[in-house]
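Novice: Sharing a structure with you now.
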């Protein structure tokens with residue numbers, strides 16, 4: 001749950017942002033690309049040798065082989081530039097309204113992600129408020145909320161889709177339901193922590209003001225829970241996207257990034273799978289960046305000094 | 001606790017009185033005397049128990065309340081009508097009364113502060129168990145009382161019957177998915193993540209570069225590599241284990257790297273004054289200090305592994321496995337079998353998680369979160 005919430009390692013004193021963070025990150029990314037190319041050549045070689053043998057080409061050097069492995073039609077592992085070209089083609093060189101455009105599929109996934117995320121966050125906050133205010137709910141409901149995090153909820157996805165389809169609910173709603181289900185747990189758990197984060201001394205001050213529980217909630221508990229809310233929202237939006245993508249798998253590959261993945265795996269279009277993966281990853285990174293930006297703005301507005 | 005944490009007795013009393021009046025009306029309309037007596041008993045019990053509790057007999061009062069609550073629950077299960085026709089208004093009133101009693105019991109038990117660790121643990125387990133039993137009962141009652149078609153939502157009893165009749169299939173699926181894909185993938189993924197973190201830890205430059213990337217990758221929808229892995233490693237369990245390896249690797253890597261930095265500066269300086277080698281400092285100070293982080297990753301991964309294996313099976317499997325069974329039985333509209341499979345997955349997931357937590361307790365017993373309160 002807190003996988004994404006580990007603090008970054010501090011750069012040693014004296015190194016700036018560029019030497020401390022940008023250069024190492026870029027170096028790691030460059031290393032990943034190099035390893036990727038090497039892997040593409042290595043994994044595609046057996047197939048390429050076959051293809052050469054069938055075409056009757058026998059006198060080829062390593063350079064020919066390597067060049068050929070990086071430009072196959074359906075490679076075992078597509079090279080980064082192939083994926084980038086495919087991604088570019090279907091994202092920017094295609095009209096967004098086209099059924100083959102990644103923007104079109106990405107938008108469908110994004111809309112159910114956002115719908116599910118908003119519903120899940122609200123539900124999580126609601127549960128947290130109820131749990132914080134009722135000792136009985138805390139003792140009886142909270143263990144189940146925690147336990148339900150340990151079960152593979154995603155396994156429910158196909159069933160929710162098919163069952164809701166059977167009732168006549170199709171389109172956005174069933175996928176959003178899965179996203180809601182996945183995203184409300186982190187928010188509920190984080191918000192319970194956050195709503196309980198005010199110090200006893202502050203709560204006692206509210207008592208001396210003879211504040212009602214609602215006033216304590218609005219003026220003390222909610223403001224002090226905001227950092228917790230944003231931390232759990234980052235986890236929730238990533239989970240919500242996974243839910244939306246998995247939710248698109250059993251609908252028979254109609255639309256959305258998940259459907260692109262499934263269609264690619266049906267027809268052996270590896271490049272298409274990878275570019276859908278890249279699109280999904282970019283979407284995830286963008287969503288988390290937006291939540292982080294909102295967190296910075298809100299916390300700055302609330303007077304938190306970094 | 002604040003004033004709001006106190007159970008709201010007046011509201012409960014109002015509900016109970018209203019229900020009691022309803023029962024009287026029903027009796028006046030001509031229901032049998034035995035039914036009336038039982039309803040009244042069920043409705044009056046919470047009030048009486050509450051009064052008894054307030055008078056002071058806390059220990060005995062709690063036991064009586066708990067016993068009455070369990071008895072009411074059992075009696076409801078015993079007399080539950082099989083078909084929709086049996087769900088008369090009187091029966092729903094009975095449910096309401098028993099629920100009020102159950103809620104009162106939960107409230108009284110959560111408010112109780114028993115002396116002794118064993119008693120506290122017992123109460124800590126009893127409250128969620130009672131609540132969970134009620135949730136199951138409501139599910140069953142809703143399915144029967146509103147005649148929800150089995151295709152939409154099977155009742156717990158139907159799921160249970162399915163588990164009993166089809167357990168060889170469930171066992172085979174469990175063996176394929178959990179014992180092969182999940183456990184092997186989990187072991188390889190966590191192990192290689194841990195070892196990679198130990199190696200990277202020696203190069204600060206790499207550490208600073210990998211941590212942001214690793215953090216990002218942990219948040220990406222990695223399940224998406226499932227179709228690729230199925231293409232590379234075939235339909236059987238190795239492809240699922242590969243997905244699990246990729247899903248579990250990065251959380252482990254990121255958490256271990258962060259954990260290795262968790263040891264305090266003072267302790268590290270102490271190691272320096274002892275002229276400890278890198279290996280000695282690692283095994284005696286930094287690894288033990290990293291254990292809470294490592295177990296955090298192990299716990300996250302226990303859930304991720306099961307999800308990864310099940311989702312990967314949606315992309316192609318031999319004709320066995322939990323994910324395969326779920327997707328095919330959904331297609332055949334045998335939703336009770338799907339729920340049976342989910343129940344097995346939930347049980348396996350919880351036990352796995354519980355086992356990791358248990359080991360964590362034994363290894364990091366010194367951590368503040370495990371100290372006795």
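Even glycines carry a Cβ here, placed using N, Cα and C.
Pulled from TrEMBL, these are the listed features:
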| type | residues | note |
| --- | --- | --- |
| TRANSMEM | A:22-44 | transmembrane segment |
| DOMAIN | A:106-295 | domain 'ABC transmembrane type-1' |
| TRANSMEM | A:107-131 | transmembrane segment |
| TRANSMEM | A:151-173 | transmembrane segment |
| TRANSMEM | A:235-259 | transmembrane segment |
| TRANSMEM | A:271-294 | transmembrane segment |
Novice: Would you kindly check A:22-44, A:107-131, A:235-259, A:271-294 and say which stretch has the most C-beta pairs under 8 angstroms to the transmembrane segment (A:151-173)?
Specialist: A:235-259
Novice: Six or more residues out from either end of the transmembrane segment (A:22-44), which same-chain residues have a Cβ under 8 Å from its Cβ atoms?
Specialist: 65-66, 69-70, 72, 75-80
Novice: When you scan the chain for residues with a C-beta under 8 Å from the transmembrane segment (A:271-294), skipping those not six or more beyond its ends, what do you find?
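Specialist: Result: 4, 74-75, 78, 82-84, 86-87, 90-91, 102, 105-106, 109-110, 113, 230, 233-234, 237-238, 241, 245, 257, 260-261, 263-265.
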